[in-house]
Amino acid sequence: MRDPPAPLFRRDNMLEFYFSYRGVLKRLRSGALGGEMDRLAEHFLTLGYKRASAKIYLSRVARFSQFAATRCGLMPIHQDVIDSYLGTFTTDTPRIGAVSALAHARRVAPERFIIPVPSEEADPDALLLASFSDYLRTVRGLEPKTREGILLGGRRFLDWFRHRHPGQNLEALTAEHVLAAVEHRLSLSATSGTRTAATSHIRTFLRFLCWAGHHRQDLARIVPRTPYWRLAHLPPRLAWGDVRRAIDAIGATTPVAIRDRAVLLLLATTGIRNGELRAIRLQDIDWRTGEVFIRRTKGKRDRVVPLLEETGAALVDYILRARPKVDSPYLFLSFTPPVGAFKSAAPVSRIVRKRLRHGGVELGRVAGAHLLRHSLATQLVGQRRPINEVADLLGHRSINTTALYVKVAASQLAEVALPFPGGAA
C-alpha cells in the first residue's frame with residue numbers, strides 16, 4: 001500500500017511528518033547530529049522512502065548521534081568515532097543497518113563529518129587515467145558510455161603492465177610488452193566482438209600515451225587487428241507473437257506492473273535503446289502529435305519516435321496511477337528507495353527478462369531491451385517496410401547498420417534510392 005501524500009511542513013520541522021511524541025522529537029533533535037535531523041527527514045521524503053523505512057533510518061541515525069555526542073560533542077565527527085560506534089554491535093545485521101543510515105547522514109550533512117583523505121599512493125594511475133578520460137572527452141569527443149569501456153581497457157592494460165613489470169616506467173614499454181598484453185587480453189575474450197573491442201581499447205590507450213608525451217613512440221600500430229565479421233550471425237530476436245503474449249500477460253493491478261507494461265510497450269513499439277528509455281523526461285512526450293523526443297542518442301543526434309495509441313494509453317496510465325510522486329523530471333522511476341531515475345541499464349534489463357519469462361517466453365543468453373529492438377526491426381522488415389524507414393526509427397545513421405540488426409537481403413538494400421553527391425536526385 002502506498003503512503004498518503006505528505007502534508008506541508010516547514011524545512012525546520014520535517015521530523016513531525018514521521019513522529020508526533022514530544023519526547024521522541026526532543027531526543028531526535030539532540031546529540032551530535034540533532035541540528036541536521038530535519039534535513040535528513042526531508043531527504044527521505046524527497047527520495048520516496050516509505051514512512052516506516054524512513055523512521056527506522058532516522059532512529060538509527062539518532063542512536064549514533066547520541067553516541068557521538070559523548071565522544072566529540074558538537075565538533076565535526078571523525079572516522080574514529082564512527083568505527084567505535086560500529087564496534088559496539090555484536091552481529092552483522094544491525095551493523096549493516098547503521099552503516100547504511102550513516103551513509104545517508106554523510107550525504108545530507110557532509111560538513112558534520114571529517115572524511116579521511118585517501119592516500120595518493122592508493123592508486124598510482126589515478127591521475128593518468130583522469131587525463132586519459134579528459135582526452136577521450138575533449139579530443140576524441142566520445143560519449144560517457146563509450147569512454148567508460150575504453151577507460152576500463154586502459155585500466156586493464158596498466159594493471160597487466162604493473163603486475164608483470166613492477167617498478168618500470170611507461171617509457172620502458174616496448175613492442176614485445178604490447179604484444180604480450182594483447183595476447184593476455186585475447187585469451188580472456190570469448191567472442192570476436194569482445195576481442196575486437198579489447199584490441200581497439202588498447203590501441204586507443206597507446207595513442208594517448210604518445211599524444212600526451214608519456215611515450216616517445218606510437219605503439220598503437222603494433223596492436224594486431226582481429227577479424228570480426230559483423231554479419232556472421234543473426235541477431236537474437238523473438239517472434240512478434242511472443243512479444244505480444246508477454247505484454248498481454250502483465251496485469252495492470254499494481255504500480256510496478258503498470259510501469260513494467262508501459263516499459264515493454266515503449267521498447268517493443270519504438271525500438272529505442274535501454275539508455276534512451278532511461279533518459280526520457282516527462283517534457284519529452286508530445287501528447288498532441290503522439291511522439292517522443294529521444295535526446296542525443298548513440299549516433300550523437302536527436303530524433304523523434306511515434307507513439308502507438310496503445311503505448312500512449314499505457315504511459316498515461318503509468319503517469320496518473322503508478323508513477324511515484326517525487327521531484328524528478330524523468331519518465332520512468334525505480335520503486336526501490338531512493339526512488340528516482342534508473343541509474344544503470346541493469347534494472348530495465350531485469351524488467352524485460354522478468355516480464356518475458358512471466359509470459360512464457362523462452363530466453364537465450366541475451367534478453368534485454370535490445371532483444372525487443374531486434375524483434376521490432378525484424379518484424380518491420382518482414383512486413384516489407386522500407387529499410388530507410390526502419391533505419392530512421394531505430395536511429396541508425398547508416399543503412400548498413402540496419403542490415404546488421406535485421407539481416408536483410410542485398411536486393412532489399414538496392415531498393416533504397418541513395419542521394420547523389422552534391423544534392424542531385
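Each Cβ is built from the backbone N, Cα and C atoms, and glycine gets one as well.
As annotated by Swiss-Prot, domain 'Core-binding (CB)' applies to 123-210, with the evidence given as sequence analysis. As annotated by Swiss-Prot, domain 'Tyr recombinase' applies to 233-418. Swiss-Prot lists R273, K298, H370, R373, H396 with the feature active site, giving sequence analysis as the kind of evidence. For Y405, the entry in Swiss-Prot reads active site, O-(3'-phospho-DNA)-tyrosine intermediate.
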Rounded distance in angstrom between the Cα atoms of H396 (active site) and R373 (active site): 12
Rounded Cα-Cα span from H370 (active site) to R273 (active site), Å: 6
Residue distribution over DSSP helix, strand and coil in the domain 'Core-binding (CB)' (123-210): 69 helix, 0 strand, 19 coil
The domain 'Core-binding (CB)' (123-210) [mean pLDDT, rounded to integer]: 90
Around the Cβ of R373 (active site), the count of other Cβ atoms that are within 10 Å: 23
Cβ-Cβ distance under 8 Å to H370 (active site), same chain, at least six residues away: R273, N274
Other C-beta atoms that fall within 10 angstroms of the C-beta of H396 (active site): 21
Cβ packing number for R273 (active site), 10 Å threshold: 21
